[in-house]
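Working notes, beginning with the structure itself.
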Amino acid sequence: MLNQFPGQYSNNIFCFPPIESETKSGKKASWIICVQVVQHNTIIPITDEMFSTDVKDAVAEIFTKFFVEEGAVRISKMTRVTEGKNLGKKNATTVVHQAFKDALSKYNRHARQKRGAHTNRGMIPPMLVKYFNIIPKTFFEEETDPIVQRKRNGVRAVACQQGDGCILLYSRTEKEFLGLDNIKKELKQLYLFIDVRVYLDGELYLHRKPLQWIAGQANAKTDSSELHFYVFDCFWSDQLQMPSNKRQQLLTNIFKQKEDLTFIHQVENFSVKNVDEALRLKAQFIKEGYEGAIVRNANGPYEPGYNNYHSAHLAKLKPLLDAEFILVDYTQGKKGKDLGAILWVCELPNKKRFVVTPKHLTYADRYALFQKLTPALFKKHLYGKELTVEYAELSPKTGIPLQARAVGFREPINVLEII
């Protein structure tokens, strides 16, 4: 069965062929997806028999490797496959067979995306934030202080000028915004005075309008021409290593070239010496009706979000909301170290359910809870209890809390004593 899949098998690991692309700086980038089988914490050989018969206590692991020419290799977290699909049917799969099917599906999807990348008209995915409500100490160890900016709850957008002089405005996922003529008109005027190679990175926004309304306007072919473009960064495809503080200086110079813009704005920068100053600014911004704050490492390069990469040179500060929800079930994580670790399932008044990660339990405690907590014990001690949940925001589409973490039960309950 191994010979039915494209790729090479070596050292007990099967790797699909590399999918190669070229970065905007001209370097070759490679993405590889691999499958291995683990039994009792040991990688074991993959045999053809595993495609028809499961091996006791064995799980399959899928992972990817990504590297740019002359750069370090980044290895993803393991996705574990613990059971096949369609069990009991003619088309049933074993653990290993299912893992290979899943990996092949991801391989084909990535290959299609990369084929399309050659016709993406110069789109570079914007830099994404890694840290949430944490500012690394290294931000304050640079010669230049980090800067803080207002965080607007809008729609991410990047602007660039194409070879024919037309303005391209696209999303975080490299989807072109077809409307927004009021913004594109001003961008075209601005590009008459600046380096046409520069990309402007920002957010589509209208103050105090809900995100759902903003997204609807941004994605409409014909919009109401009310949205504004707030630019918080800029970059050049061949100068991605340029530090953040230098990019901000150039961005200020860009906006000095044309100061009569109505719908395009440079985001205001605030230099901070320590975490307390950043937190005070965050509190100020929230009072003003904004979502929070963004902190930028002064010496950080511009790191595009290829393959959903999140840059360690950005931090997002937002208030955590909290509310109480009814606990109705429990489950486990699906990938990596979360597999086998307990998760709570809560229910909204409209009966929609969502998963909550216990905040104050160690992984060891979560593993033990999932292993020892029976449905009978859960029903007797936990079902229907009110669970205090902190979260970043509610999904505008479903109303489900996002980034939800369980703080504790309303009534004092030590869940570890139950087991």
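From the backbone N, Cα and C atoms, a Cβ is placed for every residue, glycine too.
The feature active site, N6-AMP-lysine intermediate is assigned by Swiss-Prot to Lys151, with sequence analysis given as support. Feature annotation from Swiss-Prot assigns ATP binding site to Gln149, Lys151, Glu203, Phe232, Ile294, Lys316; the stated evidence is experimental evidence. Positions annotated as region 'NTD' by Swiss-Prot, on the basis of experimental evidence: 1-120. The region 'AD domain' annotation in Swiss-Prot covers 121-317. Summarising the annotation, Swiss-Prot assigns region 'OB domain' to 318-419 and lists experimental evidence as the type of evidence. According to Swiss-Prot, the feature site 'Important for the catalytic efficiency' maps to Asn153, Leu211, Leu402, Gln403.
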- Message: Tell me which of the binding-site residues Glu203, Phe232, Ile294, Lys316 ends up closest to Asn153 (site 'Important for the catalytic efficiency') in space, Cα to Cα.
- Response: Glu203
- Looking at the recorded positions Lys151, Leu211, Leu402, Gln403, which ones sit with their CA no more than 10 Å from the CA of Lys316 (ATP binding site)? Lys151
- How long is the line from the C-alpha of Lys151 (active site, N6-AMP-lysine intermediate) to the C-alpha of Ile294 (ATP binding site), rounded to the nearest angstrom? 6
- Message: On the 0 to 100 pLDDT scale, where does the region 'NTD' (1-120) sit on average?
- Response: 87
- Query: What three-state secondary structure does DSSP assign to Leu211 (site 'Important for the catalytic efficiency')?
  - Reply: helix
- What is the interatomic distance between the Cα atoms of Leu402 (site 'Important for the catalytic efficiency') and Gln149 (ATP binding site), given in whole Å? 23
- Item | Additional residues surrounding ATP, by Cβ distance to the Gln149, Lys151, Glu203, Phe232, Ile294, Lys316 centre under 8 Å | Arg150, Arg152, Val267, Ala293
- Query: Record lists Gln149, Lys151, Glu203, Phe232, Ile294, Lys316 as binding ATP; longest Cα-Cα distance in Å?
  - Reply: 15
- For Ile294 (ATP binding site), which residues in the same chain are close in space, meaning a Cβ under 8 Å from its Cβ, but six or more apart along the sequence? Val129, Val148, Gln149, Arg150, Lys151, Phe232, Leu314, Ala315, Lys316, Leu317
- Task: If we count other C-beta atoms within 10 Å, could you say which of the recorded positions Gln149, Asn153, Gln403 has the fewest?
- Result: Gln403
- Task: Express the distance between the Cα positions of Leu211 (site 'Important for the catalytic efficiency') and Glu203 (ATP binding site) as a whole number of Å.
- Result: 12
